[in-house]
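Over in TrEMBL, the protein carries these features:
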| type | residues | note |
| --- | --- | --- |
| REGION | 88-115 | region 'Disordered' |
| COMPBIAS | 94-112 | compositional bias 'Basic and acidic residues' |
| DOMAIN | 124-234 | domain 'SGF29 C-terminal' |
| COMPBIAS | 166-176 | compositional bias 'Acidic residues' |
| REGION | 166-203 | region 'Disordered' |
Amino acid sequence: MSSPDIAGILDNSKELDRLRKEQEEVLIEINKMHKKLQATPGVVEKPGDNSLSKLKILYTHAKELSESEVSISNILLSQLDALLPAGPPGQLRRRLEGNEQKRKRMKSDSDISRLSPNVRNQLEACFSLKGEQVAAKVTPNDADKDEWFVVKVMHFDKETREFEVLDEEPGDDEEGGGQRKYKLPMSNILPFPKRNDPSSAPDYPPGTHVLAVYPGTTALYKATVANRKLLIGI
């Protein structure tokens, strides 16, 4: 194993650490924007407000960093494969594969524990939504009209930061008439207040723009608060 080979591996390892730290910083800024929009949802309708544009830029940057991390990781794997001897015998290989799976599980837990408290709390909150109903925007960001539905969270992928959700009662106009699944980014999900914790329900003053449920459906529409009710802010 030559010194240049080791130097290349170390350089890429440092770059991987740098990318992960920068991802943490971007996620913290995204979390701040989410809190701002939840606290003052009407701000996006004010002339000159660019909150949504900033949020899109942050998510685009986070995606670029994630793709760079994957690229550097693949380069590191190739460098290590080039330095390792030929594959081990069957029994040893199976043992190593088992250890690799265990290492991946431990790494997954370690990655979460290394994140900043804000990011870690945000991810843990996302994990806790499994099995819960949430409000979800199912249309892409460039769609002419936003469509929101009440859906059930089936899974949260910490690697892609995406939710897998199920629309349990799609409308009659849906193709096939069956239940539909969506994979959505964190920014497209709004949790409902917890039923057993009244303090988690925001108190929206009259005039606040919110999402309301069409009676007897899972569809949500934009509405304005006339009286104080427990609604989902947008």
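For all residues, glycine too, the Cβ spot is worked out from N, Cα and C.
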Model confidence over the domain 'SGF29 C-terminal' (124-234) (mean pLDDT, whole number): 81
Secondary structure content of the domain 'SGF29 C-terminal' (124-234), with strand meaning DSSP E or B: 13 helix, 43 strand, 55 coil
